[in-house]
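Feature annotation from TrEMBL assigns transmembrane segment to A:20-38, A:68-86, A:98-118, A:138-162, A:191-214, A:229-257, A:269-288.
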C-alpha cells in the first residue's frame, strides 16, 4: 500500500513536470520539423513568456487567463520577429551558421532581459489559494490541475490546427519538403513564420504556468528546461508532434521516479543518460521512422 | 558596413574623448596620502544579490561612522566597490581589479563561501588580507589543515550552526529522528548537512534519509514525496532563500506537518514571499543576530536612519566586518597589508554590532548564534546559544 501510494504520488509529480517539458518540446519539434533548426533560443522565449505573464498579473492586475492570452500573443509575435531578423536571412546558409545564430539569440534574450528586469528572481503572486484535492492520500493541487488542463487543451487545439486546417496542411507539406511545397504555391516563408509564432506561444504558456506553479522566475530560468525539453523532443523523435508530448511526459515521470526511488542526486544524470541512450540506439526517437538517406 | 566620412569623423572624436577620459581616470586612481583604500567585493547583482548588497550597506554604514568620528590613525577610509555578479570567476576578476588597478590595502567580501574561496588565492598571492563578513564554511580560512594567512572572517562557521541546530532539535524540540535535504551544488549546504548529521547522531538522534537538489531547481516534489515516507520528527534544509522558499511551499502542499530547520541562508524576506506565511509556520533557523535583541538596538536604529529600512542579518555582519577592519587598522598603526594582517589575527574581545569577537587560531571568531522561529509572518527569538570554543 505504502509503495503504490508513493508510486501514484510520484506519477502525479512527474506528469505535471512532464506537461511543462511537453509544451516546450512541442515548439522545439515544430521548428525542427519545418526548417531543421534546433532552436536553442527556445528556452529563453519561454522565459520571456513567463515575464510577460508576470507583468500582466502584477502590473496590469489581470487574472491568470487574460495573462496567459497576452503572454501567448506577445511571445508568439516575438518568436516571429526573432525568426524574421535572425534566421530568415540565413535561409540558404549552412545549417551550422543558423545553429550558432540560435545560440547567439539565446544569449541575447537572456542578458537583455537581465538588463531590463534585473537578475533578481521575482515572486509570482499567489493567484490560487490552497486548492488541493486529496484522493486516498495522493495530493493534487490547483496549479497541477491548471497545468494539466491547459496543456491538454493546447494539445487538442494544436492537433486540430495541424491536421484539419489549410495552414496545418501547408505546415505539414513544408516540413516534408519546403521547396516542393513552394512550387505547389505554398508561401513557405509565411508558414515558417507561423510555425515560429505557434511554437513560441506554447513556450510562453509553459513559462507562465511554471511561474504560477513554482512561484519564482528569473532571466536564466529557461536554460535547464530548454535542455530538458530538447531531450524530450529527441526522445519522442524530433520533428514529430505526438513524440514531443510523449517524450516530455516520459522525461518528467522518469525524473520523478529517479528522485523518489533512487536518489535525487541522479535526477539530471538520468535525463541526460536518456538523451545519450536514444542517440546511441534509436536516433530517430520513439516515434521516428527509419528513413534511409540516399547517397 | 558603410560609414560616411562625417560619421567616421564623429566616431573618432568620440573614441578619442573616451580614451582621454580613461587616461585622466588613471591619474586620479593613485589616491591621496590621507586616505586608506579598502576594496569591497560583493554580489551586487546575480542570484544572491540580496546577500551581497545588504552586507555592503552594513559595511558602508560602519565605515561612515568611523570616518565621521575622524577616521583611523588620522586617515579616512575610502571604500572602492566592485560587483562580482554572484559568480566565483567574477569574484576573482573583481579582486584582481581591486588589487592591481585600485591598489586597495585590504578587501572585504564576497558574501557567499564559494566566492570567497575563489578569491582567496588572488589575495594570498598578492599578500592582501581579506575579511569575509558572511562566509560560514570552514574551508574559507583553512586549506588542507593549514590556516590561510591572509583570509579572515567576522562571522561564526558552519559547524557551529550545524551543531547549534542539532542541539536545538534534540534538546528543545525533543526530536529523535531527522531527514536532511541539501543543495548539492553548494559547499555551504553540504558541509552543514554533514555536521548536523554528526552532532544529531552524537546527541542520540537518528538521521533516516538524506536527499539532495541543485540550486536553480524548480521542482522538489519528487524528492520531498520520498522524504515524507520517512516520517521523521524534523526536516533539516540548510540552503539559500530562493530554494528554501520553494521547498517549504511544496513540502506543505504535499502535507508535511513537521518542523523545518534551517540556517542563516533562510534569513531573507524572500523566503516568506515565495513560501507564504502559513507554510512557513513551525520552521526554525539559526542566525547571527535578531533585530529584536536589546543588545543590537544601537546598530538597528543607525541603519534604519541611514537607509530608510530595517537591516537584515547580512547588513549586521557587514557592519561587524567594518568595525573589525577599523579596529585592526588602528592597532596596526599603519595601512601596510602585512601589519593589518597581524592585527586582525590578534583581534580580542572586540565589541561589534552583533556581539563580541575574539579571533581563534583558525581565523574564525567565537561568537554567539540565535535561533529564530517563523510565526505567522513574524520572527520570534527562541534561543541564544554560545558555541563551545574549540
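Including glycine, each Cβ sits where the backbone N, Cα and C put it.
Bear in mind that TrEMBL entries carry predicted annotations, made automatically and left uncurated.
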Within the same chain, where does the transmembrane segment (A:229-257) have neighbours whose Cβ lies under 8 angstroms from its own Cβ atoms, ignoring anything closer than 6 residues to its ends? I mean 6 or more beyond.
10-11, 13-30, 32-33, 38, 42-43, 155, 158-159, 162, 175, 267, 270-272, 274-275, 278-279, 284-288
As a test: from A:68-86, A:98-118, A:138-162, A:191-214, pick the stretch that has the greatest number of Cβ pairs under 8 Å with the transmembrane segment (A:20-38).
A:191-214
Check the transmembrane segment (A:191-214) against each of A:68-86, A:98-118, A:138-162 and return whichever range has the most CB pairs under 8 Å.
A:68-86
